[in-house]
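What follows is a set of notes on a single structure, which appears directly below.
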């Protein structure tokens, strides 16, 4: 590899998920199956919400965007990972590497803010039900989504711009199965101090601040739910929040474990395994989490299925 990333011929080798040849085929089949389920599940959710007249409230508007984002950031990583199970050397150009990192960051950061926006929607629905249609109007929801995507583009641009000016001359092997920030920083022979500061600040805002906002919202939500006198009302309110709380916990828990831990607390091999969870498993689980416990989604799916059978 060239001693600097400014050469058009600069290349990296992705170490991959495992170095054991006997696991290549089983892992390929496993992640291919997961990716197929992810694509079918998220595309199905998007089309179901778009075509069903029942799924018009703002929560489903946000859910369709969540499915889109899950589909996108999974597609940025998983196809390349599947291809890399085949050749012996998993070569990726510097431009392809930076592009992969850029789009991955856009969608992962956007998902964090989107989950926070969805939490605000639940807060208004439960704590301010009489004002819900006014506060969560279509215009407000559209503005919120514009902010979500804008923040994703902004922070991803900051990270990748700083990454693109680094020189990589120590090694050409990335100890990961995709181009993530931390493995790339370890390969740089120029100062990464600014990159590390940006990672800490931006990561703190994107993860810790949004997590805190979610926790505060849920404190108000649970307080309002406990004030409901009927058991049926409490059960229904808890049901509307449980799916989102599970999705939020899995996503932010995985991200926090990956990027906000002591450097020596785990090996790179363990980091690969944990990153698989939020890159491939979470996008597959989200449509299931939101549909299995949601009567409106299940009823809309049944209605659409019956309509096709009758036609």
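For all residues, glycine too, the Cβ spot is worked out from N, Cα and C.
Predicted, not measured: the structure shown is a model, and the values here were computed from it.
As annotated by Swiss-Prot, disulfide bond applies to 97-189. Residue environment of residue 189 (disulfide bond) contains 13 other Cβ atoms, counted within 10 Å of its Cβ in all protein chains. Residue 189 (disulfide bond) falls within neither a helix nor a strand when secondary structure is assigned with DSSP, and so counts as coil.
Residues or ranges marked as N-linked glycosylation site by Swiss-Prot: 5.
The topological domain 'Extracellular' annotation in Swiss-Prot covers 1-25 (among others). Per-residue confidence over the topological domain 'Extracellular' (1-25) averages out at a pLDDT of 69.
Annotated topological domain 'Cytoplasmic' per Swiss-Prot: 47-54 (among others), in sequence order, evidence recorded as sequence analysis.
Sequence-distant contacts of the topological domain 'Extracellular' (76-99), counting only residues of its own chain at least 6 positions beyond either end whose CB sits under 8 Å from a CB of the stretch, comprise 5, 7-8, 10-17, 24-25, 27-28, 31-32, 34-35, 38, 107, 160, 163-164, 168, 174, 177-179, 184, 279-280. Annotated topological domain 'Extracellular' per Swiss-Prot: 76-99 (among others), in sequence order.
Swiss-Prot lists 121-139 (among others) with the feature topological domain 'Cytoplasmic', giving sequence analysis as the kind of evidence. Below 8 angstroms of C-beta separation, residues 58-59, 61-62, 217, 220-221, 224-225, 237, 240-241, 244 of the same chain, each at least six residues beyond the ends of the topological domain 'Cytoplasmic' (121-139), sit close to that stretch.
Per Swiss-Prot, topological domain 'Extracellular' is recorded for 161-197 (among others).
The feature topological domain 'Cytoplasmic' is assigned by Swiss-Prot to 218-237 (among others), with sequence analysis given as support. Tertiary proximity for the topological domain 'Cytoplasmic' (218-237) is limited to same-chain residues at least six positions away from its ends with a CB under 8 Å from its CB atoms, namely 119, 122-123, 126-127, 245.
Marked as topological domain 'Extracellular' by Swiss-Prot on the basis of sequence analysis: 259-271 (among others).
Taken from Swiss-Prot, the feature topological domain 'Cytoplasmic' covers 293-311 (among others).
Residues or ranges marked as transmembrane segment in Swiss-Prot: 26-46 (among others).
The transmembrane segment annotation in Swiss-Prot covers 55-75 (among others).
As annotated by Swiss-Prot, transmembrane segment applies to 100-120 (among others).
Residues or ranges marked as transmembrane segment in Swiss-Prot (evidence: sequence analysis): 140-160 (among others). Long-range Cβ contacts of the transmembrane segment (140-160) within its own chain (Cβ-Cβ under 8 Å, at least 6 residues beyond either end) map to 58, 61-62, 65, 98, 101-103, 105-110, 113-114, 117, 120, 181, 195, 198-199, 202, 206.
Residues or ranges marked as transmembrane segment in Swiss-Prot (evidence: sequence analysis): 198-217 (among others).
Residues or ranges marked as transmembrane segment by Swiss-Prot: 238-258 (among others).
Same-chain residues lying 6+ beyond the ends of the transmembrane segment (26-46) with a Cβ under 8 Å from its Cβ atoms: 17-18, 63-64, 67-68, 70-71, 74-75, 78-79, 81-82, 85-86, 280-281, 283-284, 286-288, 290-291, 297. Around residue 97 (disulfide bond), the same-chain residues six or more apart in sequence whose CB sits under 8 Å from its CB are 12, 174, 179, 184, listed in sequence order.
Take the transmembrane segment (55-75) and the stretches 100-120, 198-217, 238-258, 272-292: counting Cβ pairs under 8 Å, 100-120 has the most. Panel annotation: around the transmembrane segment (272-292), residues 17, 31, 34-35, 37-38, 41-42, 44-45, 63, 66-67, 70-71, 73-74, 77-78, 176-178, 180, 243-244, 246-247, 250-251, 254-255, 257-258, 266, 298, 301 of the same chain, lying at least six beyond its termini, place a Cβ under 8 Å from a Cβ of the stretch. Here the topological domain 'Cytoplasmic' (218-237) is broken down by DSSP into helix, strand and coil counts: 16 helix, 0 strand, 4 coil. Taking DSSP states H, G and I as helix and E and B as strand, the topological domain 'Cytoplasmic' (47-54) has 5 helix, 0 strand, 3 coil. For the topological domain 'Extracellular' (76-99), the number of residues in each DSSP class (helix H, G, I; strand E, B; coil) is 14 helix, 4 strand, 6 coil.
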